[in-house]
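Here the structure is laid out as structure tokens; the discussion comes afterwards.
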Amino acid sequence: MTDHVLVINTGSSSLKYSLVDARTGEAAGSGLAERIGESQGHHVHRGPDGETGTTAKIPTHEDALRAAIEAFESHGPSLDDVEIAAVGHRVVHGGSRFGAPALIDDDLIAAVTDLVPLAPLHNPANVEGMKVARRLFPDLPQVAVFDTAFHQTLPPHAYTYAVPRSWSEEHGIRRYGFHGTSHAFVSQEAARLLDREPDDVNAIVLHLGNGCSASAVRGGRSVETSMGLTPLEGLVMGTRSGDVDPAVPAYLMRELDLSMDDIDQALNKSSGLQGLTGENDFREVSRLRAGGDERAALAFDVYCHRIRKYVGAYYAVLGTVDAVVFTAGVGENSAEVRAAALSGLQRLGITVDENLNAAQSKEARRISPDDGEVAVLVVPTNEEWQIARESLNLVRSR
Ligand code: ADP
């Protein structure tokens with residue numbers, strides 16, 4: 001029997017893959033095809049012999065997956081030797097229907113297609129990825145792992161927006177939440193680090209990457225999260241605004257004669273750090289701030305203030321908190337964000353040890369003092385591993 005899962009993450013012009021040992025999380029081979037459909041595409045494959053890159057036109061997602069299969073054959077590891085147990089797909093929006101991973105069949109593809117209006121930037125590509133993989137791996141079970149699924153345990157008072165009932169009842173307007181695979185992985189790892197069972201731990205998880213989201217996890221179940229109907233709500237992100245007064249779009253439409261699409265685009269693509277500083281990459285903002293740039297300094301403060309506000313809110317939601325957990329690119333690497341976001345919270349039992357926080361490491365670790373009431377942790381996320389585990393569990397339980 002094999003424990004390897006081929007994990008696929010399909011974007012509108014990219015296809016990322018990783019052949020993961022679901023037991024250990026180790027990736028035997030992985031790669032990324034980018035600029036699919038453009039005049040010049042690029043494919044990088046990492047196997048046992050290191051990394052190989054190819055620049056050539058990649059007309060379709062099917063061509064991208066074929067190139068991946070060929071790269072496994074030429075550069076290893078051979079897919080025949082590894083014997084894949086399942087193909088696991090990252091699917092962004094599963095709506096209210098999917099609270100767990102599910103086997104991919106025609107019905108599931110139809111359901112994910114029906115959800116395209118809720119995730120127009122992501123679900124069409126995810127559907128394409130599932131179709132292509134079913135064609136190229138017709139004999140393997142294929143599993144959809146949804147970004148929204150972990151948050152399907154939110155209670156009604158947390159997922160319901162106070163809007164006309166018909167909006168929610170007829171149009172599915174509610175909080176769904178995203179990054180669920182990461183929040184699930186990180187909260188489990190946090191429990192492991194604390195040497196406790198996940199159902200015995202209350203955690204506030206802060207996923208700070210290009211997209212950013214917070215969640216309150218009670219005993220291993222998500223009970224509140226900052227992203228909403230779409231991934232736009234909540235924390236300040238690389239290019240997304242996070243929370244703004246919902247009246248802002250109407251005001252801009254009236255006063256500036258902007259279209260709804262213009263505003264949607266601006267809030268998703270040219271807001272957040274990008275809107276405040278002209279740079280969406282946190283490292284760049286950090287560099288500007290260190291050089292005395294006032295706009296970058298304000299952006300940093302807005303970013304950290306928003307995180308702190310959510311920590312306070314989720315503390316109140318949970319009542320007791322065992323751990324605050326940082327993850328993803330900024331959360332795992334930026335000691336200054338972790339320190340600033342949690343400063344002054346000693347009365348809540350939250351303290352960050354300056355030296356532990358400053359130490360660079362790729363390992364999951366504690367950055368609060370040993371006697372700190374609330375453990376402050378840094379846990380590197382691994383969504384591929386989580387998708388592999390969930391996919392394998394599902395196919396083994398059939
Ligand atoms: P994604 O959400 O696309 O998976 P990541 O989790 O890789 O993104 O996070 C990307 C963000 O992490 C970027 O804003 C990047 O600047 C930031 N980041 C990466 N490394 C560091 C670092 N050493 N210090 C501060 N920020 C970092």
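Cβ coordinates come from backbone N, Cα and C, glycine included.
Just so you know, TrEMBL annotations are computer predictions that nobody has curated.
Under the DSSP three-state reduction, ASP147 (active site, proton donor/acceptor) is assigned to coil, being neither helix nor strand. All protein chains included, ASP147 (active site, proton donor/acceptor) registers 26 other Cβ atoms within 10 Å of its own Cβ. Residues or ranges marked as active site, proton donor/acceptor in TrEMBL: ASP147.
Using a 10 Å radius centred on the Cβ of ASN9 (Mg(2+) binding site) and all shown protein chains, the other Cβ atoms total 21. The annotation Mg(2+) binding site is assigned in TrEMBL to ASN9, GLU383.
DSSP assigns VAL330 (ATP binding site) to a helix in the three-state reduction. Taking the Cβ of VAL330 (ATP binding site) as centre and 10 Å as the limit, one finds 27 other Cβ atoms among all the protein chains shown. Marked as ATP binding site by TrEMBL: LYS16, HIS207, LEU208, GLY209, ASN210, GLY211, ASP281, PHE282, ARG283, GLY329, VAL330, GLY331, GLU332, ASN333.
Look at TrEMBL and you will find ARG90 tagged as substrate binding site. Secondary structure at ARG90 (substrate binding site), taken from DSSP and collapsed to helix, strand or coil, is strand. With a 10 A radius on its CB, ARG90 (substrate binding site) counts 22 other CB atoms from all the protein chains.
Below 8 angstroms of C-beta separation, residues 13, 27-31, 55-60, 64, 67-68, 71-72, 75-77 of the same chain, each at least six residues beyond the ends of the compositional bias 'Basic and acidic residues' (37-49), sit close to that stretch. Among the features that TrEMBL reports, compositional bias 'Basic and acidic residues' is placed at 37-49.
Under DSSP, residues within the region 'Disordered' (37-56) fall into helix, strand and coil as 0 helix, 14 strand, 6 coil. Under the heading region 'Disordered', TrEMBL lists 37-56.
Within 10 Å of the C-beta atom of HIS179 (site 'Transition state stabilizer') sit 29 other C-beta atoms, taking all shown protein chains into account. Annotation source TrEMBL lists site 'Transition state stabilizer' at HIS179 (among others).
DSSP classifies ARG240 (site 'Transition state stabilizer') as coil under the three-state reduction. What TrEMBL records for ARG240 (among others) is site 'Transition state stabilizer'.
Long-range Cβ neighbours of GLU332 (ATP binding site) (same chain, at least 6 residues apart, Cβ-Cβ under 8 Å): PHE326, VAL378, VAL379, PRO380, THR381. Proximity to ligand 1 at the level of Cβ atoms, with a cut-off under 6 angstroms, picks out none of the recorded positions ASN9, ARG90, HIS179. Separation of the C-alpha atoms of ARG240 (site 'Transition state stabilizer') and ASN210 (ATP binding site): 9 Å, rounded to the nearest whole number. Note: the CA-CA distance between LYS16 (ATP binding site) and ASP147 (active site, proton donor/acceptor) rounds to 16 Å.
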